[in-house]
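A.B. asks: The structure follows.
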Amino acid sequence: MNTKAMLETLNEITLLVDEPLKNVTFTKTGGPADVLALPKTKKEVEEIVAYCREQGLSWLVLGNASNLIVRDGGIRDVVIMLTEMKEIKVAGTTMIVDAGAKLIDTTYEALAADLTGFEFACGIPGSVGGAVYMNAGAYGGEIKDVFQSAEVLLADGTIQTMTKEDLNFRYRHSEIQELHCIVLQATFALEKGNHAEIKAQMDELTELRELKQPLEYPSCGSVFKRPVGHFTGKLIQDAGLQGLKWGGAQISEKHAGFIVNIDHATATDYVELIAHIQEVIKEKFDVELQTEVRIIGEEV
């Protein structure tokens, strides 16, 4: 990749060369991206994708890098991170939100407008684009419950509006995962509610999260999808794995469904510990755990 030419051509866009992705991931692990692009507008995203297409460069998108592990060898693609695109607009009972906006911020803007429906997401640390990508959910709610449409940039450079039907949401999945495209903005349909009741529910869910989840350590959030008929955390507990340390990573003593970075863990520590958990759970209970966390990048 000719990074000098890219910097010269896209000189108005923030481009970081050989940027360690441990600086942006919630696990505080991960190798460097050859180029990390931080667009501030839809137009800048279009320009980056157009340049990559013209030069034959591959690209990928990161949301808030919360439910993500980047391997220690890093990423050779152009990495596009949308955290600078974070406008949140409210129009009646509709919210129009840039993909890089934090989901937590979005829920509190809904509260400020006395809008109900987003309470379930008040503690989910991801971005709005990432939440649409994986149909994020918690405490009985999912993004699909409030989703109306998304503005998406396709790989060929065209922008398309996709509906709930188009995205075919299911558990921790949307059609965005099958398409090489970028969520630029999402529209959500909420309802008018009582401010005090909305706040009380959000406070209750926040308290639950703080009580049950290891928020005091870096982590990638929930590591595994919930297998049918089981609770992942209980399987890991019953297997005697809770508290297991692997390098600088550890299965949380607070919630066995989380792996925390307790001592300068590497992405390799995380990936190997995940594989070990999967192997043990398969052997003991004949249950195959599938990762919810997205694992990308190259080995060292």
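Glycine too: its Cβ is placed from the backbone N, Cα and C atoms.
Features from Swiss-Prot:
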type	residues	note
DOMAIN	28-193	domain 'FAD-binding PCMH-type'
ACT_SITE	Arg172	active site
ACT_SITE	Ser222	active site, proton donor
ACT_SITE	Glu292	active site
A.B. asks: Neighbour count, 10 Å Cβ-Cβ cut-off, for Ser222 (active site, proton donor): what number do you get?
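C.D. replies: Its Cβ shell of radius 10 Å holds 22 other Cβ atoms.
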A.B. asks: Please give me the CB contact count at 10 A for Arg172 (active site), counting all chains in the structure.
C.D. replies: 19
A.B. asks: If you measure Arg172 (active site) to Glu292 (active site) at Cα, how many Å is it?
C.D. replies: 7
A.B. asks: Including all protein chains displayed, how many Cβ atoms other than that of Glu292 (active site) lie within 10 Å of its Cβ?
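C.D. replies: For Glu292 (active site), the 10 Å Cβ neighbour count is 19.
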A.B. asks: Can you tell me the mean pLDDT for the domain 'FAD-binding PCMH-type' (28-193)?
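C.D. replies: On average, pLDDT over the domain 'FAD-binding PCMH-type' (28-193) sits at 97.
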A.B. asks: Write down the Cα-Cα distance for Glu292 (active site) and the residue listed as 'active site, proton donor', rounded and given in Å.
C.D. replies: 7
